[in-house]
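Trainee: Please see the structure below; I have some questions.
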Amino acid sequence: MNILKDILYKVNLNAVVGGTNVTINAIHFDSRKVEENDAFVAVRGTVFDGHDYIDVAIKQGAIAIICEALPTSLVDGVTYIEVDYSNKALAIMASNYYDSPSDNLKLVGVTGTNGKTTITTLLYQLFKNAGYKVGLLSTVKILVGDTEYKATHTTPDSVTINKYLKLMNDAGVEYCFMEVSSHGIHQGRAEGLRFEGGVFTNLSHDHLDYHKTFAEYRDVKKSFFDGLSPKAFALSNGDDKNGLVMLQNTVAKKYTYALKGYADYKAQILENEFSGLLLSIDGSEVWTRLIGNFNAYNVLAIYATAELLGLEKVEILRLISDLQSVSGRFQYFISDEKITAIVDYAHTPDALKNVLETINSIRTKNESLITVVGCGGDRDKTKRPKMGHIASELSTKVIFTSDNPRSEKPETIIEDIEKGVEPQNFKKTLSIVDRKQAIKTACQLAEANDIILIAGKGHETYQEVNGQRFDFDDYKTVEEFLKQLQK
Ligand code: ADP
């Protein structure tokens, strides 16, 4: 669809100056990308304001400007549209432009602090193994059937989302699983999308650098469920204290899953070991390679979602037993020296606690746990001492190190982390700024049957310092050092 007036269908227009019966080539919110006959949507970002770039966009060839405030002087031959909220307008326009691609597939959005990547990726795997053509929009990658694209944000911008959904339509994709971040919801990126269902994982302290209060963060997540249609399902974690809040005002069909409390979908952990979890789901036993309590929640959410999407119970249980773990999410191997190395993306206090408790619930007293962890720069600083506290309380030894320091001094970040360590745990901790050295030291300290946890970066293959990304891969690094030590 490329006539401006059609692209504006369902967008709330405050003012229109100029004709809307014009043909638009593409929609952009980055003025540098604008070419002849494109539409430019001026979006107010956290750093830049698109309204300052309207002139640039017109010089580059924009023939339609969508903005929240009309410029004082208007250029002849350009159509100006004033809207309340450009981000929302952009999302609806993007959907119209790509012929409402979410209408042609079953799209499920997964939101919450932790578990989004795991759940969406495993749902992709499960439906693929069931024989369907599937799409995935996750932090780690974007998949259109079997074709992989690089992901840059948890929830990409709305034009990108719709572009991929359109590619999925063209490829005959039936189901798409998408991570929906709180930033994404807040910036209206999921507006105009038709969701078949929404899944809530859990809510904890994260992104408080972006959202001012926990209540605001919660309400942003909740607004995703408020926006679902009556035909959609809203599936929430009944054991999370915010789980029911998410469902409060939604008109979608409400369902819950839980391990502890009453819920529509129930599971129980029968066995929890390094080799996997044995669960009882809705009365049937199922074994999965995924490890740890939190993965029991993830598996249950996957089970419930698959059931709500119409798969047979027996089939789902069979598919769950075939699931492979997700890259950088409790990814592990055991060296010849019997040292277990685990790489996990846990970069929030809650996720770190979960991973450490999971390991502690499985390891024996004779097996030491050596944790390597850091905190990112230019992000929520309040979580630093919390992570220092948790890591030192729940590990035998801890090495604090760098994790994407960005524009901050890594030493300062580490000092913030150290503030959370209780005096009785001082002797357990050690700080090594260089992440590679920190991992090497952990490998040198480890003895047979010990466990090394490298937390924070998971699947990431870089270290971000001062706007530059250097190659770095936790999994490869620990693998190499453990091999070297064997020689
Ligand atoms: P997200 O995409 O929401 O950040 P991930 O699936 O990438 O979540 O998991 C991030 C980290 O959080 C994992 O590495 C794991 O340590 C932890 N985690 C995963 N699922 C859960 C869950 N359901 N509850 C708590 N922690 C979880």
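Using the three backbone atoms N, Cα and C, a Cβ is placed for every residue, glycine included.
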Trainee: Between 403-406, 407-410, I'd like to know which one TrEMBL lists as motif 'Meso-diaminopimelate recognition motif'.
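Mentor: In TrEMBL, residues 403-406 carry the label motif 'Meso-diaminopimelate recognition motif'.
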Trainee: Given the ATP site residues Gly112, Thr113, Asn114, Gly115, Lys116, Thr117, Thr118, which other residues of that chain have a Cβ within 8 Å of the mean position of their Cβ atoms, reported in sequence order?
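Mentor: In sequence order, the nearby non-listed residues are Val110, Ile119, Glu179, Thr201, Asn202, Asn298.
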Trainee: Determine which residues of the same chain, besides Arg379, Asp403, Asn404, Pro405, Arg406, Gly456, Glu460, have their CB within 8 A of the center of the CB atoms at the recorded meso-2,6-diaminopimelate site, and list them by sequence.
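Mentor: Those within range, site residues removed, are His347, Gly374, Cys375, Gly376, Gly377, Ser402, Lys457, Gln463, Glu464.
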Trainee: Using C-alpha atoms, which one of the binding-site residues Asp403, Asn404, Pro405, Gly456 comes nearest to Gly112 (ATP binding site)?
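Mentor: In terms of Cα distance, Gly112 (ATP binding site) lies closest to Gly456.
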Trainee: What's the most sparsely packed of the binding-site residues Thr113, Asn114, Thr117, Thr118, Asn404, counting other C-beta atoms within 10 A?
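Mentor: Least crowded of the binding-site residues Thr113, Asn114, Thr117, Thr118, Asn404, by Cβ count within 10 Å, is Thr113.
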Trainee: Helix, strand or coil for Arg406 (meso-2,6-diaminopimelate binding site)? Use DSSP.
Mentor: strand
Trainee: Provide, as an integer number of angstrom, the distance between the C-alpha atoms of Pro405 (meso-2,6-diaminopimelate binding site) and Thr118 (ATP binding site).
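Mentor: Computed Cα spacing between Pro405 (meso-2,6-diaminopimelate binding site) and Thr118 (ATP binding site) is 25 Å.
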